[in-house]
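Asker: Once you've had a glance at the structure underneath, I'll fire off some questions.
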Amino acid sequence: MEDGSSEDEDGSSVDRSESADHPTTGSTDQSASELTDRAEDQSVPENQRGSRDEEQINIAQEIFSQQEDPIFANKSLLEISHIPSFDRIVGRDEEIRKLSEELRGAVQGYSPENVIIYGKTGTGKSLVSKYVSSQAVNNAHEDVEIGFQYLDCSTDNTETQAASTLARSFNDSLQTGFEIPERGLSTAAYYKRLWRTLESLYDVVIIILDEADMMADDDLLMKLSRAGESGNTDCRIGVIAISNKIEWADDLNERVKSSLQPKELSFHPYDAEQLEEILQHRRDAFKPNVLEEGVIPLCAAYAASDFGDARKAIDILRHAGNIAYERNADHVTEQHVKDARTKAEKDRFRELIEGIPQQAKASLLALAILSLNSEQEEFPTQLVYRQYQNICDNIGQDVRSERRFRDILKELAFLGIVDNRKENLGRSGGITLLNRLVEEPEIVYEIIRDDTRFESLTDHLSNS
Ligand SMILES: Nc1ncnc2c1ncn2[C@@H]1O[C@H](COP(=O)(O)OP(=O)(O)OP(=O)(O)O)[C@@H](O)[C@H]1O
Ligand SMILES: [Mg+2]
């Protein structure tokens, strides 16, 4: 069913040909050929038209004329930026309740509490903060004007950028009568406009500082928490600062802490059951009956084993759908999920491995080759070193000393790419270090072989 696909390297295969399982509808065929005719009529004269041009026209047309998507009904439900409605937010009632309580004052025109939210990646911190803040705006008392803005501190990570973005996003020039330029003002000038905007438009604002630990310093938090006290504005400001580093709150400057007086909320990872429910609530992203039974539980199980990350669960499901589409399949199967996961892992790992030095890559490759050729998973450093020497000789790369090689293995362990543990060899004496790849050896091997410097490596080196 799935052969005949021509999946290219980045997975962007476009082959949904007639011979495939999905019969292309008559109308689609017709419109495709009509388009081809029109394109031929109007473009370059026939005698100048190369076959390459035609090929390009056909590829584009094949994609654009695909009106029927047999897999997805509403793919946007699986986009990370999508904010699900309340009835689709799963397993976060307690967090929603607590955050709403901290912000309750805002609805009545009083100061909301400042809140620091921390928790691992994909635990719903951004989602719940946006949801509760927008609910505060919707439920404001009649005479209370509430504003809410979301700032991604990984993008606006300096005080000036943050003050500029906040001032501009809160401002409504029709009401205030002034515009705020994106660039060119001093930090102090942006703050001045921010205070003026807040003063003239709002009684209360809620500001979400997402990825707050990415800010270069604590100055923004300091200014926001002291705005009232310093007489800058009468508008009440509540800050929700989000971080996935638990230690971030502890490291905050004492002065900031004392003026912020934050309440702390921590979000725990989801378990497989919750992840499954999150995905079940989005199954209408797919056409009816397209998802095979085991698909959602498998996505949830994978994401649960990867630290209960809901983003990962959704990503895997979306990728599985894409793979099914690319392979002309009628259904999304468990195999598609497995392949989607491998692809996601590979992408993440590729990024990590691509950044390490060549010597470290050779060391990692040595461990991958040993793992591929053995039932074992763990290997003593000496054995890995011999394999590493073979690789270096084979591709004409300098060989580092065994001592330096041990350091490289430790660095790889620090990056979470390799696991190493000490083992006592018993009466024969000595302690040896056993090394194991954290990721599948096939994946590591493939990624490193993609590096041109390892292209010349003889295959089956480990048998030599
Ligand atoms: N309880 C939930 N119900 C439904 N969807 C959820 C839930 N929690 C998270 N999601 C979805 O999972 C994805 C990740 O969630 P979110 O961005 O809120 O995580 P986060 O904790 O902010 O992660 P990070 O620390 O990486 O920023 C989003 O697409 C979000 O819609
Ligand atoms: Mg987030």
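Backbone N, Cα and C define each Cβ position, glycine as well.
Note that TrEMBL annotation is computational and uncurated.
According to TrEMBL, the feature ATP binding site maps to T123, G124, K125, S126, L127, Y270, R282. As annotated by TrEMBL, compositional bias 'Acidic residues' applies to 1-12. If you look up TrEMBL, you'll see 22-34 marked as compositional bias 'Polar residues'. The domain 'AAA+ ATPase' annotation in TrEMBL covers 111-266. Per TrEMBL, domain 'Cdc6 C-terminal' is recorded for 364-448. Here TrEMBL flags 1-54 as region 'Disordered'.
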Asker: Here the binding-site residues are T123, S126; which one has the lowest number of other Cβ atoms no more than 10 Å from its Cβ?
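Answerer: Among the binding-site residues T123, S126, the sparsest Cβ neighbourhood within 10 Å belongs to S126.
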Asker: Per 10 Å Cβ neighbour count, which of the binding-site residues K125, R282 ranks highest?
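Answerer: Answer by Cβ density within 10 Å: K125.
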Asker: Filtering G124, Y270, R282 (binding-site residues) by proximity to ligand 1: which pass a Cβ cutoff of under 6 Å to any of its atoms?
Answerer: G124
Asker: Identify which of the following binding-site residues, namely T123, G124, L127, Y270, R282, place a Cβ less than 6 Å away from any atom of ligand 2, and list them by sequence position.
Answerer: none
Asker: Around G124 (ATP binding site), which residues of its chain at least 6 apart sit with Cβ under 8 Å of its Cβ?
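Answerer: Set apart from G124 (ATP binding site) by at least 6 residues yet with Cβ under 8 Å, we have I89, R92, E95, F267, Y270, A310.
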Asker: Could you tell me the mean pLDDT the prediction assigns to the domain 'Cdc6 C-terminal' (364-448)?
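Answerer: A mean pLDDT of 91 is what the predicted model shows over the domain 'Cdc6 C-terminal' (364-448).
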Asker: On a simple 10 Å Cβ count over all chains shown, which one of the binding-site residues L127, Y270 is most densely packed?
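Answerer: Sorting the candidates by Cβ neighbours within 10 Å, the top entry is Y270.
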Asker: Under the DSSP assignment, what numbers of helix, strand and coil residues are found in the domain 'Cdc6 C-terminal' (364-448)?
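Answerer: Across the domain 'Cdc6 C-terminal' (364-448), DSSP assigns the residues as follows: 48 helix, 17 strand, 20 coil.
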Asker: Look up S126 (ATP binding site) in the DSSP assignment and report helix, strand or coil.
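Answerer: For S126 (ATP binding site) - judged by DSSP and reduced to three states - the answer is helix.
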